[in-house]
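These come from Swiss-Prot:
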| type | residues | note |
| --- | --- | --- |
| MOTIF | 15-25 | motif ''HIGH' region' |
| BINDING | Cys147, Cys150, Cys160, Cys163 | Zn(2+) binding site |
| MOTIF | 345-349 | motif ''KMSKS' region' |
| BINDING | Lys348 | ATP binding site |
| DOMAIN | 602-703 | domain 'tRNA-binding' |
Amino acid sequence: MTHIPKRTLVTTALPYANGPVHLGHLAGVYLPADIYVRYKRLCGHDVIHIGGSDEHGVPITITADKEGISPQEVVDRYHTMNAEAFAKCGISFDYYGRTSGPVHHQTAREFFLEIEKKGIFVKKTEKQFFDPKAGRFLSDRYITGTCPVCKTPGANGDQCEQCGTHLSPTELIDPKSKLSDATPELRETLHWYFPLGRYQKQLEAFVERHTGDWRSNVVNYSRTWLNQGLADRAITRDLAWGISLPLDSEEAKGKVLYVWFDAVLGYISFTKEWAEKQGDAELWRRYWQDPETRIINFIGKDNVVFHTLMFPAILMAWNEGRSEGRYELADNVPASEFMNFEGRKFSKSRNYAVYLGEFLERFPADTLRYSIAMNYPENKDTDFSWSDFQNRTNGELADTLGNFIKRSIDFTNSRFGGQVPADIDLEAWDSLGIDWLASFGKLEAAYDGFHFREATAQTMEIARFANRFLTESEPWKVIKVDPEAAGRTMAVSLNLCHTLALLFWPIVPETANRIWKMLGFEGTIDELVEPGNPVWRQALEPGLKKGHKLLGSSEILFSKIEDKDIEPEMKKIEALLAEAEQREAAKQPVPMTFKPEITFDDFQKIDLRVAKVVACEPVKKANKLLKLQLQVGSEQRQVLSGIAQYFTPEQMVGKNVVLVANLADRTMRGELSQGMILTVEGADGRLFLLEPQGEGINGNSVS
């Protein structure tokens with residue numbers, strides 16, 4: 001017999017508070033977790049659903065720098081935005097926390113100090129880029145330069161967006177600091193490392209213990225890392241935004257916890273905050289430190305090793321040498337594959353996405369929940385398309401479920417006074433043609449095995465059966481010759497409505513509650529579910545007795561989606577795909593068309609010199625022009641250049657440029673220009689400077 005734990009803790013990967021969540025996030029993590037939690041609640045289980053925002057890390061500080069605001073303002077904005085979008089979508093968190101909060105900071109520091117006290121961390125000195133102007137060390141994403149592979153300028157220190165190559169900052173050609181545009185210097189810095197290899201054997205045993213119940217992708221990702229051997233992993237960074245190290249030593253100054261270490265601890269700190277709101281500050285321990293709790297971590301496949309290796313290793317380090325206050329490890333880590341969008345991967349950086357909040361401004365949440373549940377990326381990547389969304393809403397939700405519910409209630413209201421016209425005994429219920437015990441057994445197995453697409457499809461199949469039953473029974477005809485038979489048909493139909501309301505509640509909760517209300521019940525299904533009350537089993541049997549009074553009115557559960565409703569979205573896709581094609585074309589070699597041939601003597605007439613920009617200012621009433629004061633050896637020149645759209649005056653000062661020194665003077669916008677500086681035009685039309693490097697080259701010839 002399967003052991004049923006006393007309680008279940010469900011956590012969801014923390015979305016990064018640096019932008020809005022999109023449908024890919026919803027499909028991979030938050031909707032499946034919510035469906036599972038709602039199912040468990042229906043079964044009467046003690047289950048809590050914990051989520052929240054990951055609010056630390058470099059991308060947040062970069063966004064803050066770009067917008068001229070504080071990191072706290074960035075995370076405040078996106079935490080609120082995402083929390084509201086989740087609530088509107090019916091994602092039923094028991095608590096949605098923030099890693100920037102005091103309880104989380106305290107929890108993360110407690111873990112650090114406990115592991116530090118045991119002497120587990122390893123300290124290492126390494127070389128890292130340092131911005132001499134800004135006076136701070138730079139993380140990968142604060143460094144930009146030319147990609148060594150495709151030679152595209154503007155590559156980040158961790159990856160080139162143009163060719164996709166993963167990089168380290170030291171590989172960049174001509175690296176620059178994004179903070180000051182200064183050339184960074186390699187300097188030594190000290191960091192704390194977590195020795196993952198110390199727990200290699202324990203982690204191998206942990207993964208192997210779950211090979212029979214974890215998804216194959218989770219096991220395979222974990223084994224790949226284990227087979228390579230687990231290395232030490234840095235847990236600190238030189239950064240101003242984050243959780244500062246709780247040490248007074250000089251070497252700890254300016255260090256914060258690396259986000260991979262602190263974010264997963266949010267599951268624990270958020271459970272603590274939830275417990276405080278329940279009036280019992282120690283209640284969280286029952287969900288984290290009791291073997292009678294089953295812990296489920298819902299994540300996407302890109303987060304697997306953080307939850308199967310790194311987070312467990314942190315908990316193992318805490319537990320080491322302890323007999324009390326030991327943390328339990330996850331029972332399952334149902335990691336999904338990715339959901340793509342119209343054949344391509346979701347991409348925030350390229351704005352190729354459908355954001356949850358924006359979607360819900362146009363379409364009901366339940367239509368999205370159903371469409372994604374039927375396309376859940378369990379074992380392979382799936383694709384969200386507007387046409388599939390339209391077809392499922394119209395053909396399955398509106399024409400099948402919605403049609404059956406409305407016909408059943410409308411006919412009862414009009415011909416039977418809005419009351420259930422007959423009692424349905426179990427014999428009649430079981431003779432409908434559905435093996436209820438077998439059907440429920442399959443549904444329970446699907447939910448318990450995290451097969452949400454299968455569970456959704458089976459539930460819709462019961463709706464199809466109900467719709468066929470009503471259509472084939474033709475009570476609108478039978479009532480003319482046998483009112484009692486028509487009454488029995490409607491009693492069966494109404495009880496099927498009752499069953500469907502309960503079965504669909506995990507998938508489309510708002511719709512289920514609307515059906516519940518039309519059936520004449522007070523309150524909502526949400527108010528029925530509580531530990532120890534197995535509402536789920538009520539769907540097995542007829543739940544409406546003869547004489548039960550319906551609400552007396554019905555409503556259309558789902559409006560059909562017309563072509564004109566999704567046409568604007570399709571046009572957006574066309575525009576985004578056109579942009580993508582342009583980017584792809586930019587990667588291809590540019591066809592060369594050369595100017596007419598000149599002789600070597602002609603070329604020798606051009607005098608190219610290295611000049612340094614000593615001052616720069618905009619040209620009045622000229623949006624494209626900058627006025628540069630150049631030092632060319634012992635001479636000073638004034639040059640006007642059409643680069644104002646790509647460089648600020650502040651960025652230009654101090655740069656070396658290539659000057660055409662013997663170009664005839666000319667006047668532009670009333671200003672004298674004594675030459676021209678050389679630039680290169682990129683595929684997107686952006687201009688890049690030619691910047692000679694080296695000491696003592698000012699005024700020298702370029703050849």
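Glycine is no exception: its Cβ is also placed from the backbone N, Cα and C atoms.
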Per DSSP, how many helix, strand and coil residues does the motif ''KMSKS' region' (345-349) have?
0 helix, 1 strand, 4 coil
In whole Å, how far does the CA atom of Cys150 (Zn(2+) binding site) lie from that of Lys348 (ATP binding site)?
23
Measuring CB to CB from Cys160 (Zn(2+) binding site), give everything in the same chain under 8 Å that is also at least six residues away in sequence.
Cys147, Val149, Cys150, Thr152, Leu167
Does anything in the same chain, at least 6 positions from Lys348 (ATP binding site), have a Cβ under 8 Å from its Cβ, and if so what?
Gly19, His22
Densest Cβ neighbourhood among Cys147, Cys150, Cys163 (binding-site residues), 10 Å radius:
Cys147
Kindly state the mean pLDDT of the domain 'tRNA-binding' (602-703) in the predicted structure.
90
